[in-house]
Amino acid sequence: MSRHLKQSSRRRFLVGATGVMGAAGVVGVATPFVCSLAPNEKAKQVRAPIKVDVSKIEVGAMVTVAWNGLPIWILKRDKQSLLSLKKHEALLADPDSIDSIQPKNTKNTFRSVRSDIAVYIGLCTHLGCTPKYRPELSPIDLGENWHGGFFCPCHGSKFDLAGRVYKNVPAPTNLEIPPYRFIDNDLLEIGYREESEGV
Amino acid sequence: MFNALMNWFDQRLPILSFLRKHLSCYFVPKNLNFLYVFGIFALVMCFSQLITGIWLAMSYTPTTSEAFESIQYIMRDVNFGWLIRHMHTTGASFLFAILYVHIFKAMLYGSYQKPRELVWLFGWLLFALFSAEAFTGYLLPWGQMSYWGAQVITSLFEVIPFVGDSIAQWVRGDYTVSEITLKRFFALHVIGFPVLIGLLLFLHISSLHHVGSNNPKGVDIALKLDGKGKPLDAIPFHPYYTVKDLFYVLLMLGLFAAVVLYVPDFWGYFIESDNALPANILSTPDHIAPLWYFAPFYSILRAVTYPLFGIEARFWGAMLMYLSIFLLALLPWLDRSPVKSLRYKGKVSKFMFGLFVISFVSLGVCGVMAMNATALFIAQVSSLIYFSYFLLMPWFTKFEQCQNVPDRV
Ligand code: HEM
Ligand code: FES
């Protein structure tokens, strides 16, 4: 075959051109199939924000609601635990939330808009399990240095009550915070986005 | 009459010649042992998975609202649905157990070495495809383990710097595992991967038949031929090995039936108990572990807990996990030993292979356990051994003293 092809440069050119056109065709046909797998417009639509009344949540308790197929945690923290947040900063990987994802107005020590109410996306930043809420101090299974927080059963990541990740655990960053605002004193709206801000 | 008919066929489509070439005139070393039946076992289980799978697909619904229900329906209402489902779930675990022994055999006797590199590579691709097949299948019941297992494993793509999030979303078709993910996994599980597996099985076995089977002594039987060009140390596959294989296949199927009928969940190792709860997107089960056959690789993933070069630990964990599978493919080129079978390799090879098997088993044990400091430490040491086996192999196989290989089996 190749012996015959060598004979004429015209034939070689035609074979080459056909090959190039064929390759372009393959890429052209593959494109819709590859793109078809990406999230479609319907999946991308940000679903409507949800409202939650936080006045019913007891101090120290946490409720979980679903928003956009994600578990959202709403936690009411007491004064004591808020005060202790500063103390163990040396043990944290990203105490100032530099590398973590959160709306601008929650980039503070408490990682919240209102200091007592914390709102997080309840998925571990390691591989997306839901960590367990473990508010108690120094329980037997978690040891002396446990100041209350979240423990991920999947691969042992630890977060404090501000959702900040500890050092030397598999999770790289603090728990993500969804966009939210207080419409009213105790009425929380999760998923609210300002026009200009694409979080 | 019958012969005339067969001849008529053979002149148009050479079925008889084909069977002769691959059965009664296919010459196989006469010293193949028990470990050599596992390839046939794998074929038998593939067939069983295909049939039970088709029957399951007739009653299963791939939607988030009905998937879990439809499994309950299969278990309670469909005639013999419980049996067909348990054959399928047990079959998956059996298939992996069989594949691990089959790979062990190939490593023990150096069957991946020249001229069987392609046999080995096609086999390796089959293993990768079966892993994908098992992973997509596991999401279908839409139980707690299905959902969270898929969530964790698809998140593995997120660890790739910069483009990771987009890749993970492309795989899931959504921001988290959802009905879109369920439907595409269903399509891949019932059509996509099986077709590819069929193709690779064909390539695996044709390339094997082209070069012939290795044997426990690693002796090349093609070097000693009789007057007619038939290897002196070979016997025809049919009837010798067909009968031997059939006998062991029946034994294996007996064991299979016992597991299917008496302990289909195999105490939580073949069907995890948390998967009896429907998927709940708000809460992960307390103890999430992969099925036993992925445990060794999962252990390697978990073993890395330190960031390196400014890149987070989970990235390195995922990379090491992929690497651990990829290194297997390179085995034919990492092994520089002049002899095939471990029987005639040097002491270092024997010692390293022993360590390797132990490390693989302990990685598996750690992988199904909950995370704790001891398990983590054992997993780290075992990972180290696992990788050194491959990375040191070019040296220890080259410089060690081997024994003489006999020229007859
Ligand atoms: C469902 C998957 C598989 C099936 C059905 C299958 C089937 C077979 C069969 C029927 C044989 C001949 C009988 C024997 O030597 O046991 C064989 C040989 C072989 N297989 Fe597989 N195989 C599978 C997967 C694999 C995998 C995952 C590997 C390795 C990564 C592999 C590597 C080999 C090698 C190296 C041989 C030659 C053995 C020798 O000649 O000593 N196979 N396979
Ligand atoms: S998913 Fe939480 S530690 Fe891995």
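Including glycine, each Cβ sits where the backbone N, Cα and C put it.
As recorded in TrEMBL, the features of this protein are as follows:
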DOMAIN    B:5-217  domain 'Cytochrome b/b6 N-terminal region profile'
TRANSMEM  B:34-58  transmembrane segment
BINDING   B:His88, B:His189  heme b b562 binding site
TRANSMEM  B:92-112  transmembrane segment
TRANSMEM  B:119-140  transmembrane segment
TRANSMEM  B:185-205  transmembrane segment
DOMAIN    B:227-407  domain 'Cytochrome b/b6 C-terminal region profile'
TRANSMEM  B:246-270  transmembrane segment
TRANSMEM  B:291-309  transmembrane segment
TRANSMEM  B:315-333  transmembrane segment
TRANSMEM  B:353-371  transmembrane segment
TRANSMEM  B:377-396  transmembrane segment
* Other parts of the chain folded back onto the transmembrane segment (B:92-112), taken as Cβ under 8 Å at six or more residues beyond its ends -> 35-36, 38-39, 41-42, 45-46, 49, 119-120, 123, 126-127, 130, 134, 137, 213-218, 256, 259, 266, 269-270, 291-293, 328, 331-332, 335, 337, 339-342, 345, 353, 357
* Asked: Counting Cβ pairs under 8 Å that sit 6 or more residues apart, are there three or more between the transmembrane segment (B:377-396) and the transmembrane segment (B:315-333)?
  -> yes
* To do: Select the range from B:34-58, B:119-140, B:185-205, B:315-333 that forms the most Cβ-Cβ pairs under 8 Å with the transmembrane segment (B:246-270).
  => B:34-58
* Chain residues outside the transmembrane segment (B:185-205) and at least six past its termini with a C-beta under 8 angstroms from it -> 43, 46, 50, 53, 57, 62, 118-119, 122-123, 125-126, 129-130, 132-133, 136-137, 139-140, 150
* Structure fact -> Spatial neighbours of the transmembrane segment (B:291-309) not adjacent in sequence (6+ beyond its ends, CB under 8 Å) are 93, 96-97, 100, 131, 134-135, 138, 156, 269-270, 272, 316-318, 320-321, 324-325, 360-361, 363-368, 371, 376, 379-380, 382-383, 386
* Take a look at B:34-58, B:119-140, B:353-371 and tell me which one has the most Cβ pairs under 8 Å to the transmembrane segment (B:315-333). => B:119-140
* Find, for the listed binding-site residues B:His88, B:His189, the residue with the lowest Cβ contact count at a 10 Å cut-off, counting only other Cβ atoms. => B:His88
* Asked: Which bits of the chain, at least 6 residues beyond where the transmembrane segment (B:119-140) starts or stops, bring a Cβ under 8 A of a Cβ in it?
  -> 60, 62, 67, 92, 95-96, 99, 102-103, 106, 111-112, 146-147, 149-150, 153, 177, 181-182, 185-186, 188-189, 193-194, 196-197, 200-201, 203-204, 207-208, 211, 291, 293-294, 325, 328-329, 331-332
* Asked: So, in DSSP terms, is B:His88 (heme b b562 binding site) helix, strand, or coil?
  -> helix
